[in-house]
Amino acid sequence: MAIKDWPEGEAPREKLLSQGVKQLSDAELLAVLLRVGLKGLSAVELARIMINEFGGLRSLLNASQAQVCRLDGIGPVKFAQMQAAVELGARISQENLKRGKILSDPDLTRDYLMRQLSDRAYEVFAILLLDSQHRVIQFVELFRGTINSASVYPREVVSLVLEKKAAAVIVCHNHPSGIAEPSTADRRITERLKQALQTIDVSLLDHMVVGDREIVSFAERGWID
């Protein structure tokens with residue numbers, strides 16, 4: 001059945017307007033962007049096929065034009081609509097953590113880091129530099145590759161902190177496996193960084209590990225004391 005033939009209030013766009021965007025499933029949200037499906041497939045059914053084909057919404061939205069347009073019914077226009085939606089979300093996230101923004105909402109930080117790091121195919125170790133009022137100075141990617149206790153150099157972190165005159169920092173890195181659970185090596189790195197930063201009287205507020213669907217906070221687990 002085509003979406004236009006659905007009972008009033010059940011079609012994704014009408015459901016969004018009447019119940020709010022958060023009430024829509026991933027497939028329904030994507031269907032709003034797609035607008036139409038294929039012969040014999042509604043936009044929601046097409047969206048569900050697309051999500052399943054890529055193993056999830058995030059993988060679909062991070063796929064290349066060539067990969068996405070191999071799917072029946074998906075051409076450059078639909079791909080462009082999807083990319084525009086992704087970029088709008090990314091820009092809103094960046095605006096929320098722009099320079100001078102006071103970092104008072106943990107959810108904003110999580111959303112920003114998820115957008116920055118969750119789709120990387122390799123490990124990235126980064127640092128969010130803050131002033132004494134916990135206002136954002138800069139987000140910097142420091143190390144790439146296999147992140148372990150031997151590849152993260154505290155002296156480089158300290159050097160950057162001094163250069164930017166930061167008073168506090170949040171460090172973060174991603175797990176390309178998609179599993180955010182910190183490793184023993186992650187905990188060792190954190191302790192080394194904490195000790196190094198203490199020598200220059202800078203606070204390590206948190207170490208966040210980014211997976212596909214979640215972020216694990218060392219501070220929330222009581223590991224930054």
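Using N, Cα and C of the backbone, Cβ positions are placed for all residues, glycine too.
Annotated features in Swiss-Prot:
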DOMAIN    102-224  domain 'MPN'
BINDING   H173, H175, D186  Zn(2+) binding site
MOTIF     173-186  motif 'JAMM motif'
- Note on the structure: In all the protein chains shown, the tally of other Cβ atoms within 10 Å of the Cβ of H173 (Zn(2+) binding site) is 25
- Message: Can you tell me whether DSSP puts H173 (Zn(2+) binding site) in helix, strand or coil?
- Response: strand
- Cβ-Cβ distance under 8 Å, sequence separation of 6 or more, same chain as H175 (Zn(2+) binding site); the residues meeting this, in order, are E123, E181, V209, V210, G211
- Just jot down the residues in the same chain as D186 (Zn(2+) binding site), at least 6 apart in sequence, with C-beta under 8 A of its C-beta; none if empty. H173, H207, V209
